[in-house]
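Here is the structure we will look at.
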Amino acid sequence: MSRTVILTRREVFSSSHRLYSDKLSLEENKKIYGKCINSHGHNYVLEVSIKGAVKEDIGMFMNITELKEILKEKVMDKLDHKNLENDVPELKGIVTTTENLSIFIWDQLFPSLKDFLYEVKILETENNFVVYRGE
């Protein structure tokens, strides 16, 4: 009988951004986003969890090295040491909140991990994080 496990890989990336919506006035942006309308950066902690049945013959359902390579290609190379609004074409015109960033990362990973992708968790700070499960 195979058992289902959840495997999580953690990565850290540094990105800069500002929270600003072109759909709002400057005053509305200031009211909603406060000082975050100015450019600033974060050392984001990303945790990607995949879920699957352990294969008896190999004792795992996915080699962690494969997950690490997918994360590097689909996420880290795009976001690490980048300005999210200026350097990531797919994020143009999107307010780069942690919520939207978690959805973006899910969308980048889903084609490669669709049978296994369970959760994307991003810690913006030690106390603030977002979890997205594809819903």
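Glycine residues also receive a Cβ, built from the backbone N, Cα and C atoms like all the rest.
Remember, predicted model here, so these are calculated numbers, not experimental data.
Positions annotated as active site, proton acceptor by Swiss-Prot: Cys36. Marked as active site, charge relay system by Swiss-Prot on the basis of similarity to another entry: His81, Glu124. As annotated by Swiss-Prot, Zn(2+) binding site applies to His17, His40, His42, with the evidence given as similarity to another entry.
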- Note on the structure: Cys36 (active site, proton acceptor) -> DSSP, reduced to three states, gives helix
- Ten-angstrom check, please: count other Cβ atoms within 10 Å of the Cβ of His17 (Zn(2+) binding site), all chains counted. 23
- Whole-number Å distance between the CA of His40 (Zn(2+) binding site) and the CA of Glu124 (active site, charge relay system)? 12
- Item | Count of other CB atoms lying within 10 Å of the CB belonging to His40 (Zn(2+) binding site) | 11
- Query: Near Cys36 (active site, proton acceptor), which residues of its own chain have a C-beta under 8 A away, given they sit six or more steps off in sequence?
  - Reply: Arg18, Leu19
- Query: Helix, strand or coil: which one is His81 (active site, charge relay system) in, per DSSP?
  - Reply: coil
- Message: Are there any residues at least 6 positions away along the chain from Glu124 (active site, charge relay system) with a Cβ closer than 8 Å to its Cβ? List them or say none.
- Response: His42, Tyr44, Thr98, Val130
